[in-house]
Amino acid sequence: MEFKDEIARRRTFGIISHPDAGKTTLTEKLLLFGGAIQEAGAVKSNKIKKSATSDFMEIERQRGISVATSVLAFIYQNKKINILDTPGHKDFAEDTFRTLTAVDSVIVVIDVAKGVEEQTEKLVEVCRMRNIPMIVFINKLDREGKDAFDLLDEVEQKLGLQVTPLSFPIGMGYDFQGIYNVFEKNINLFSGQSKQSIEDTIAIDDLNSPELEKLIGETAAESLRDNLELVEGVYPAFDKEAYLAGEQQPVFFGSALNNFGVRELLDCFIQIAPPPRAKAAEERVVESDEKKFSGFVFKIHANMDPKHRDRLAFIKIVSGTFERNTPYLHVRHDKKLKFSSPNAFFAEKKEIVDISYPGDIVGLHDTGNFKIGDTLTEGEKLNYKGIPSFSPEHFRYINNADPMKAKQLNKGIDQLMDEGVAQLFTLELNGRKVIGTVGALQYEVIQYRLEHEYGAKCTYENFPVHKACWVEDTGENPEEFAEFKRIKQKFLARDKAGQLVFLADSSFSLQMTQQKYPSVKLHFTSEFASQ
Ligand code: G4P
């Protein structure tokens, strides 16, 4: 197959949702369609159950599962589909944000009864900011839930999306009869019998045909016709260009658990979802069909076996082909590296691969060379944008609890931060180290891993910070900047990349600081230079 055809047949995407909306179940059904697994239940949920927040073994077990499900690839109708896993647990939201830098589109799963939930709002906002094409799947139609039109309204209002339904439910919960496929203009009736088989569609080309009454009864037929008339009147027709530009989001209804409405979703997805897209580097925009290889690290996973401290760095290929045993430039280190056993992912397995194409993810064994955001190329000095750090929500001092193991502790902290587990800030005033995380769970993960993987012990101490803001010296007023640094010294720190950060202790002090030093720009993400 030609290089261009290989690119055109790839679809790399992520499924995002609030926990429990049905992401794992949908993923599993998609794999079932791809023939990548034979039965339901084969994909383990990687979510951390609420009850497990302080259970270290559970965290470890989950780490094992999430390596296996980091990338799930399968072939469907000759398309190579790569699903990138995104953790649903809010404490790992930053992992999800980073994974979203490597997807070309997303599917948003919403629970029909719960509607738009908090985590969905946050994740969709990130996708909206990046104009990522999104398809919405409203799940659990076999249960009683909200009215379809109310839900579509809620999706528009709360998520700021422009929806257009491409399928529409016939009844719901106890009365759920099936789905009308607006995209293909046919009906799929719900038998509710088999949860695992893949059912056939009953085609009905003409909505006005009396066949409809025979199939779903008079009342349902009438209400479907009315609903579809309303859909046509209220929502814009599907516009592929608008979808690809992130300006319109098609909506599907179904029940992942019952494998219902999933085929409609998948068939439409492979037709409309974008193949690997161009990506902006600081230097220039790189097209996916450029011949020379380039890619970037969006995730690093530590080895499960503490005796082998190597890690798996996940690279998204942006352009060209990645080949085994070929030297590539590690741009940040300015050195060439060669990989003898790059892993590719297929269903839940990983295997050594000789050649990978744009859109694919390769897992590279790493002994500490990589950090998140690193770029690999055939020689060009490119730095891919779009992997910023966000202000953490929690901050604690980290103290060494075993003076004999200071070296191990520092190494452990260093490597865990490169993996993106948390962020490290070093105070300007006294050099003390502060760990910032998105959720409280990470502190336990860090403590546990420092002890088990690096033989170091730590304790924490509260450090009240409202928000970390990255400081930009605009050069407009050097005196004001010097004054800001002097007065606020106690609240200044460096992040791991050496950037200056202001740790505001309250929203009031943040506001006052902004007013008092207008020439000092405070940013809520680390990547302001490219905004
Ligand atoms: P997540 O990855 O988004 O967190 O959700 P997951 O797929 O694990 O689904 C959450 C729960 O919702 C699961 O039930 C799952 O079986 C159920 N579910 C998913 N899709 C549907 C659907 O279409 N209809 C109905 N009625 N339920 C659905 P659970 O009891 O929490 O887990 P399990 O014991 O079934 O694994």
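Using the three backbone atoms N, Cα and C, a Cβ is placed for every residue, glycine included.
Note that this is a predicted model, so its numbers are computed, not measured.
Annotation source TrEMBL lists GTP binding site at 17-24, 85-89, 139-142. Annotated domain 'Tr-type G' per TrEMBL: 8-277, in sequence order.
Here the features listed in TrEMBL are painted onto the structure.
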| residue | record | DSSP class |
| --- | --- | --- |
| Ser17 | GTP binding site | strand |
| Lys23 | GTP binding site | helix |
| Thr86 | GTP binding site | coil |
| Leu141 | GTP binding site | coil |
Contacting binding-site residues, sequence order - Ser17, Asp20, Thr86 vs ligand 1, Cβ under 6 Å: Ser17, Asp20
CB contacts for Thr86 (GTP binding site) [other CB atoms within 10 A, all chains]: 23
